[in-house]
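> In case it's useful when we look at the structure, here is the feature table from Swiss-Prot:
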type: REGION; residues: 16-55; note: region 'Disordered'
type: COMPBIAS; residues: 22-34; note: compositional bias 'Pro residues'
type: COMPBIAS; residues: 35-47; note: compositional bias 'Low complexity'
type: DOMAIN; residues: 55-147; note: domain 'Glutaredoxin'
type: DISULFID; residues: Cys76-Cys79; note: disulfide bond
Amino acid sequence: MKTMRGLRNCSNDAVTLDLTVHPPPPPPLPPPAPSTVSSSTASTSLSFDEEETSESKIGRLISEHPVIIFTRFSSCCMCHVMKKLLSTVGVHPTVIEIDDGEIAYLAVEAAPVLFIGGTCVGGFESLVALHLSGQLIPRLVEVGALWA
């Protein structure tokens, strides 16, 4: 077997290629109506009245969802770890992206922030502390987000 100058072959293993023809992907879904925002982690769609204030939207979302995370970016690493921890115990939170101006309505200084049963738990450190203390699962059961 020929090798390129300065490089050597590290393996004699053969590579297998899967040449199976897969069906084409389904067509994309139509965009949501202008006044509706859908969440991939929520079981229901999140609808907003266009005239509703940011403060009342946030308050309503907190009261409607037993476990909700507000974040600046859904791709935030701390938000991802919070979702992963909650999903490990069987809960899939609603995740809402908010902008810097809306953070003030949450009465916290940083995002992501977690609410369980309408009560602010706090950020990632608070969630981990609640879990390590053994209080997370009973609290999730209490608010109906998890079955005992």
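Backbone N, Cα and C atoms are what each Cβ position is placed from, and that goes for glycine too.
How about a rundown of where these features are and what they're close to?
The average pLDDT the prediction assigns to the domain 'Glutaredoxin' (55-147) is 90.
Non-local contacts of Cys76 (disulfide bond) by the CB criterion (under 8 A, 6+ apart in sequence, same chain) comprise Ala111, Pro112.
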> Give the three-state DSSP assignment (helix, strand or coil) for Cys76 (disulfide bond).
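It is coil.
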> Near the Cβ of Cys79 (disulfide bond), how many other Cβ atoms are there if near means within 10 Å?
24
